[in-house]
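Colleague: My questions will all concern the structure given below.
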Amino acid sequence: MSSIDYTDWLLFDGAMGTMLQKNGLKLGELPEAYNILYPEIIEKIHREYIEAGSNIITTNTFGANSYKLKNSNYTLKNIISSAVKIARRAAGGKLVALGIGPIGQLMKPYGTLSFQEAYNIFSEEVKIGYAEGADIILIETISDIYEAKAAVLAAKENSTLPIFCTMTLQEDGRTLTGTDPLTIVTVLQGLGVNVLGINCSLGPKEIIPQLNDFIKYSKIPIMVQPNAGMPEIKDCSTIYKVTPSSFAASIRSIAEMGVSIFGGCCGTTPEFIREVKGVLNTIKPVARKVEKITTAASGFKTEIIGKGITVVGERINPTGKATIMEALRKEDIDYIALEAIKQKEAGASIIDVNAGMPDINEKDIMVKIITEIQALIQTPLQIDSMEPEVIEAAVRIYNGKPIINSVNGKREAMETIFPIAKKYGALIIALTLDEKGIPLKAEERYEIAKKIIATGEAYGISREDIIIDTLALTASAQQEAVKETIKAIQLIKEKLGVKTTLGISNVSYGLPNREILNSTFLKMALTAGLDAPIVDPLCKEISNAIKAFNVLWNYDKKAAAYIDSFNNKPVNTYVEDTKDQSLRETIIKGLKGDAKKKTRELLITEGPMDIIDNHLISALEIVGYEYEKGKIFLPQLIQSAEAVNQAFSVIKQQLPETLIKGKSNKILLATVKGDIHDIGKNIVKVLLENYGFQVIDLGKDVDSEEILRLVKSEDIELIGLSALMTTTVKSMEETIIRLKEHNINCRIMVGGAVLNEYYAKGIGADYYAKDARDGVKIAQKHFKLHPFHEL
Amino acid sequence: MNKLKSEVLRYLAYKNQPLDENINNLIDSTLKEAIELKNRGYKYTYRAFNISFDKKGVLLENSDIYLFGNDIYRHLNNSEKCILIAATLGIDFERAIIYNSKINITKALILDACGTALIEGVLDEIEMELLNSSITKDLQLTGRYSPGYGDFPIESQRDMALLLNTERCIGVTVSPSHILIPRKSVTAVIGLYKDKAISCFKTGCKSCNISNCEYKE
């Protein structure tokens, strides 16, 4: 093996699949089987590419993973070992890249593949290829950045080889799962790959416009492997129309933009590589001017910090917030996810997540919260914890480039946090405090910032990946220190050229009308140059201050967003003109917004229990009856059920907690392993909650072990399982068997489109629920009570 | 009421109940949103195969893959070729359903039904495209038949996805339980035959023998 010289051109080979088809591979046949059946063909193809001018060849292992090989006659070890051996033999002094393609399954929450499973699958491949003597790990044709992350970590943690990673973009400028080029650069570069780029899907001409952000922001070499044009379907075959010479001409244009590593994907042959080689021989690599930016990213989009105000939502934090504390204690991840959604809707560009409180497993809960929020919204997340272990677990599972909140000037903090930030490519918040505490004077805070940045750089973290928090002290305790925070922002921005963040709300602690102080402090800090205020975006004063600042600081051009926000009242698609209606009628009509208001009004004159008995229950009975009689259809039933839950959320605040908690009966719901259709289960949940049952919802694709764990820890008496497909009813049966093996004292009700009474009994269920309403009846019968009346 | 909306209602098991303004508006606005999502994200691919028949089933030529079962055999019996199709509304549609499941289940349910109606609509569009393409010149088209219908095994999803390279071309993969993901995706087989006189095997609701289905047209 020779070492890699990134200052010169690197030329990979062209397509393997195309060549195999020319050599007799049938459609649907496993290309990797040729490593065993016809090694001479594979070796011949490698040699042809080397003769054409490739200095790196890729092993025939694109689909060699344990998922794709599951039903084949070959072992993973056999396929990959042979592939590397053949390539090594053909390579002579050239380099051999271990080709790793996507696993072939979409990851959670869309599919059923977890991040850890993906990591394990990639690790197996890497270990075999590394042991067999590959020189490079080439992770290619990836659409899902989360899958790319799993592959890169597997490569990093199981080998010492350089990692090249290419993703595949569509003509709309995103991957099939929705990631844009800037986010690809941000996330992959952060993860420490050696080379990144684009391959497949597009021809060389179509790739050119997609390269702009790569060229502009990538600090590492860029690689491009286009198809031989866009695929065209011609009767029984797919054809690519770009000729080798026009392919090479486009590669020349791409090379002139600053790309230095090439190769070909679908449809390319040794002739293409020969032409490209000819072109590269006549030109020299072009140096690029890379723009340095401070970024955080979800798996889908990147927030550039320092261009306008980046609002960081602070609400997911138990400190001083009883509802968040309660949600964390109950592991009510849905509630916390809703907080994230609300903040996003209110204009937050980053969401801070803090799950630190005593007597909970912070690490597990943090991972669950991150997993849930990243599945629902595309806003980048800020991992906020005092515990390095929690931070590492969270940034590992995150699908983008997170922000770590935080490091500080203490030696120990830097020694534990910087390596984590470096490994996972996080942006990191640095607090200007050290062993001696928070200094009073701005100049001293500046000194700490300077020290942190220098230490970070020693760990290989560039200064644009550190944002400084100059720390707000409370005006009630240290009034003279407040303006030092503001001065420090100016000083640090000017002298260190880094971006800044600041938790605003602390300033008003202990004083009345905190919003007034907070919003004034915010305006002061923004004027001083604060980039990323950490605030409550749902607070009117705060959001107004930001809106106004954006106009006055010339961010909001022509005040367009400002004007829009006042003109454009959200259009209400629901009819909510119900002044004369009773709460009961409001619920029957399914008017969710009004249900809350009406309940609040009623609470002035009636007790919470009376409202439940006289209004909610009777409305539910009417709606349920009409549904059974076919007078209304399912969406109307659910709409009413959701309205009841809205009313109930208001009432809950008035009821003593012990009354709600002590008497309600718990039901555990899950969509079984392998199945991802969970709308039916979600409907059952809403209805059960209507009737006062406490529902523990484990979600979809739930492992029987997880169900078992909760049945024991929560002392569950009744479980509801759902499965939509014939294939997943099998999994339902396995789950039931597993539960019964453990002799647990609980009953199981099942539901789903392909089930019926007979079938349900056949797989061992205790009850069959034909629809959500039936589920409620079963639950009531099982617990031998009408929960509300018992209250 | 337009055809699309009545399809959506059918998938919601609607039986001509009076639609109050509230739910009607929600259906209309959700359908509008669904159409926008579809237009931004739908993708499809197809490919023709010459076919031959033997004891094992229908062999797709130039591949080593069979379509198994009596029903698909009968469906293609008079055909000389078939076309394999895969289509999806894309992952953003899936995301919208997941997102709404958290904040508005009624809307999520309606969006799900819109997705089912829209993906069928995409297949109808593809069929129109095929009718006007050279692939079907001088040939008649049978109805569409999909894995999971009759005794055409759901496991064939995997073969069809492989042959059409759906993972790379349109971002569709098959889960270990043979579910197409993103969920609002469909694969289908259409036969191509010469003789106009042949009345072909029926498909759709008419051919199904489940009598009490609540989605029946």
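The backbone N, Cα and C atoms fix where each Cβ goes, and this holds for glycine too.
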Colleague: Which candidate from A:C165, A:C200 does TrEMBL annotate alongside A:C265, A:C266 at the Zn(2+) binding site?
Modeller: A:C200
Colleague: Counting across all protein chains shown, how many other Cβ atoms sit within 10 Å of the Cβ of A:C200 (Zn(2+) binding site)?
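Modeller: Other Cβ atoms within 10 Å of A:C200 (Zn(2+) binding site): 22.
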Colleague: DSSP secondary structure for A:C200 (Zn(2+) binding site), reduced to helix/strand/coil, please.
Modeller: coil
Colleague: Please work out the number of neighbouring Cβ atoms within 10 Å of the Cβ of A:C265 (Zn(2+) binding site), leaving out its own Cβ.
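Modeller: Result for A:C265 (Zn(2+) binding site): 28 other Cβ atoms within 10 Å.
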Colleague: For the domain 'B12-binding' (A:664-791), what does DSSP give as the number of helix, strand and coil residues?
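Modeller: Across the domain 'B12-binding' (A:664-791), the residues distribute as 59 helix, 24 strand, 45 coil.
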Colleague: Mean pLDDT across the domain 'Pterin-binding' (A:309-553), rounded to an integer, is what?
Modeller: 96
